[in-house]
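Visitor: What Swiss-Prot records for this protein is below:
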- H37: active site, proton acceptor (ACT_SITE)
- H138: active site, proton donor (ACT_SITE)
- R45, C105, I127: tRNA binding site (BINDING)
- C50-C105: disulfide bond (DISULFID)
- C63-C116: disulfide bond (DISULFID)
- C81-C131: disulfide bond (DISULFID)
- Q25: pyrrolidone carboxylic acid (MOD_RES)
- 55-59: motif 'Nucleolar localization signal' (MOTIF)
- 1-24: signal peptide (SIGNAL)
Amino acid sequence: MVMGLGLFLLVFMLGLGLTPPTLAQDNPRYRDFLAKHYDATPQGRNDRYCESTMRRRHLTSPCKDINTFVHGNRHHITAICGDENGSPYGGNLRISTSPFQVTTCKLRGGSPRPPCQYRATRGSRNIVVGCENGLPVHLDESIFRP
C-alpha cells in the first residue's frame, strides 16, 4: 500500500513538472513570439547579425521595418507575465521589472523587398509584452524606439 502510494505521488509530481513546458509548446502565439523576438546567446549583435538573423527567421519577405531581439534567460522573459519579473503597464501589457539586453534591427532604405539591409542598435532596457495564459505573445516595440 505504501509503495503504491509512493509510486502514485511520484507519477503525479512528474506530471506537474511536465505540464508548463507542454502548455508552452502548444501555444502557437508564444512559439511565434520566441521565433520573432528571442535569441538567448546572439553572435555579434551588429548589422550583419540583424541581416542574417532576420533572414534565417523568415522576417524578410517582405522586409520587416523594425524588430527587436531579447537576449538572456527565457524564464526571465516569461516571468514578466507574472509578478516575479513584471508589473502592469496599461491595458493588457506588462513591463519587466529588470532590464534585458536587446538588439533592435531597423530597416535601412525604403524598399520592403529583399535583399533587406538592417542597422543594429544594441542596448539594455525594460521590455513591454502582451501576455496570454501567463506567456508572452507580443513585444510592444512602439514603447521604446532606438
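Placement of Cβ uses the backbone N, Cα and C atoms for every residue, glycine included.
Set these features in their place in the structure for me.
Guide: Residues within less than 8 Å, Cβ to Cβ, of H37 (active site, proton acceptor) and separated from it by at least 6 positions along the same chain comprise N67, T68, F69, V70, L139.
In the three-state DSSP scheme, H138 (active site, proton donor) is classed as strand.
In the three-state DSSP scheme, C105 (tRNA binding site) is classed as strand.
The number of other Cβ atoms within 10 Å of the Cβ belonging to C50 (disulfide bond), over all protein chains shown, comes to 27.
In the three-state DSSP scheme, C116 (disulfide bond) falls into the coil class.
The C-beta environment of C131 (disulfide bond), restricted to residues of the same chain at least 6 apart in sequence and closer than 8 Å, consists of I80, C81, N92, R94, V137.
Here the motif 'Nucleolar localization signal' (55-59) has long-range neighbours at 35-36, 67, 116, meaning same-chain residues at least 6 beyond its ends whose C-beta is under 8 angstroms from one of its own.
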Visitor: May I have the list of same-chain residues other than R45, C105, I127 whose Cβ is within 8 Å of the Cβ centroid of the recorded tRNA site, in sequence order?
Guide: D39, P42, N67, T68, F69, V70, H71, Q101, V102, T103, T104, A120, T121, R122, G123
Visitor: What is the Cβ neighbour count of I127 (tRNA binding site) at a 10 Å cut-off, with all protein chains included?
Guide: 23
